[in-house]
Amino acid sequence: MGGVTSGEIREFGRVACICLLWYFVSSCNGVFGKWILTEFQHPFTITLVQLLSITIFIRPVCSFLRIRPMSNVSWRYYTRLVIPLAIAKFLSSVLAHVSIWKVPVSYAHTVKATMPFFTVLISRMFCGERFSCKTYMALLPVVLGVSVATLTEVSFDVIGLTSALLATAGFSAMTIVTKKIRDETGVHTIRLLLVTGQLSLFMFLPVWFFVDFQEVIRHPLLTAENSSFSILLLLVLDGMFHTLQNLLAFTLMNIVSPLTYSVANVSKRIVIITFSIFMLKNHVTTTNFLGILMSIVGVGLYNKVKYDEKRAKELPTSMKHLNNNSSSSYDRPPPKVNLWNNNGFTSRVKLAMPADYSRLNGSYNHQL
């Protein structure tokens, strides 16, 4: 076997750097969100800042990468799928921020481990998709782990748990709809992120004015000269990290296999939970930690089962294609080559076909 090439080493280094940066940005995004919401209890405003950051920063990225616009989509298709996706994006983001406000970041991300459960549930109920027994069995550790973590959570809050569950269900629905739009239209995921971010921003700007505007402009942290700068800085950093987190996720998704991305995503959740526990000094009991660990392992098992099932479906198709090509070559008559002999006459020579080689190899292997 040959050794590892320099190109493979560079590729591994590139993937490792993207993963580490993704973990760091995601962890900082969660901690910044908690810091802001501890003193500035306005989840609508934080969500609006994140949507504004997507609108501002993603547009030049699309121009730089020359990602084509989403121009081949009818207005009817927009109203049927794209606009509901934008609504789900805003509501899920608000609910996610409410959960981080009410409960620790580590617990909120543990509840997010139920995303495979909601994905299976929504796909089964609304899309009619069927799943194997292995898939349902892989979900048991997820549900059991989140249940244990909930029962042993020191800072448990009903609103925080409900918001986290609803946000996770919303993100699961977004994943299903995003895949459907991407498959049907061929739109780039970053372009779709920009479109849904813009739609969410403009649709819910009036809602923000109605819910948060009056309280935000009168908030003590924004009226005080020293405090206003710090809270505004945290809001800007949170928006930038949220945008960068999305870009890094899509970048990694495009350069690694689905299984590698799933493993990296599970690892990211472990890093976020660990980072938040150390940075925010959350009290975690041994049973609570075991519940968190069980839910994460369950997500990893679910991803592995889905990957194996996908490979099993693709393998018969590729084998059938191979067999069709082989049988078509076997059916063709063997080509003949003219060779000149010493007397100037030609002799017809039959070339061996792949079937002949397989028979020969079979006899040889049988003898061995």
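Count begins at 1; order follows the chain as displayed.
Any Cβ shown, glycine's included, is placed from N, Cα and C.
Since this is a predicted model, take the numbers as computed values, not measurements.
Per TrEMBL, transmembrane segment is recorded for 12-32 (among others). Long-range contacts of the transmembrane segment (12-32) within the same chain: residues 100, 105, 109, 234, 237-238, 241-242, 244-245, 248-249, 251-252, 255-256, 260, 264, 267-268, 271-272, 275-276, 279-280, each at least 6 residues beyond the stretch ends and with a Cβ under 8 Å from a Cβ of the stretch.
Annotation comment: TrEMBL describes 14-303 as domain 'Sugar phosphate transporter'.
Among residues of the same chain six or more beyond the transmembrane segment (44-65), those with a C-beta under 8 A of the stretch's C-beta atoms are 33, 36-37, 90, 93-94, 97, 188, 190-191, 193-194, 197-198, 200-201, 204-205, 207-208, 211-212, 216, 235-236, 238-240, 242-243, 246-247. Positions annotated as transmembrane segment by TrEMBL: 44-65 (among others).
Feature annotation from TrEMBL assigns transmembrane segment to 77-100 (among others).
Residues annotated as transmembrane segment in TrEMBL: 106-123 (among others).
According to TrEMBL, the transmembrane segment annotation covers 135-152 (among others). Long-range contacts of the transmembrane segment (135-152) within the same chain: residues 107, 110-111, 113-114, 116-117, 120, 161, 285, 287-288, 290-299, 301-302, 304-306, 309, each at least 6 residues beyond the stretch ends and with a Cβ under 8 Å from a Cβ of the stretch.
For 190-211 (among others), the entry in TrEMBL reads transmembrane segment.
Look at TrEMBL and you will find 231-252 (among others) tagged as transmembrane segment. The list of residues near the transmembrane segment (231-252) in space but at least 6 beyond its ends in sequence, with Cβ under 8 angstroms from a Cβ of it, reads 15, 18-19, 21-22, 25-26, 28-29, 32-33, 35-36, 39-40, 45-46, 49-50, 52-54, 57-58, 61, 189-190, 193, 221-222, 261, 264.
Tertiary neighbourhood of the transmembrane segment (286-303): same-chain residues 106, 110, 113-116, 135, 138-154, 259, 262-263, 265-266, 269-270, 273, selected by CB-CB distance under 8 Å and a gap of 6+ residues from either end. Among the features that TrEMBL reports, transmembrane segment is placed at 286-303 (among others).
Within the chain, the transmembrane segment (77-100) has long-range Cβ neighbours (under 8 A, six or more residues past its boundaries) at 30, 33-34, 37, 43-44, 46-47, 50-51, 108, 111, 159-161, 163-164, 166-167, 170-171, 173-174, 177-178, 180-181, 185, 195-197, 199-200, 203-204. When pLDDT is averaged over the domain 'Sugar phosphate transporter' (14-303), the result is 88. Tertiary neighbourhood of the transmembrane segment (190-211): same-chain residues 44-45, 48, 51-52, 54-55, 58-59, 61-62, 65, 67-70, 82-83, 85-87, 89-90, 93, 178, 181-182, 246-247, 250, selected by CB-CB distance under 8 Å and a gap of 6+ residues from either end.
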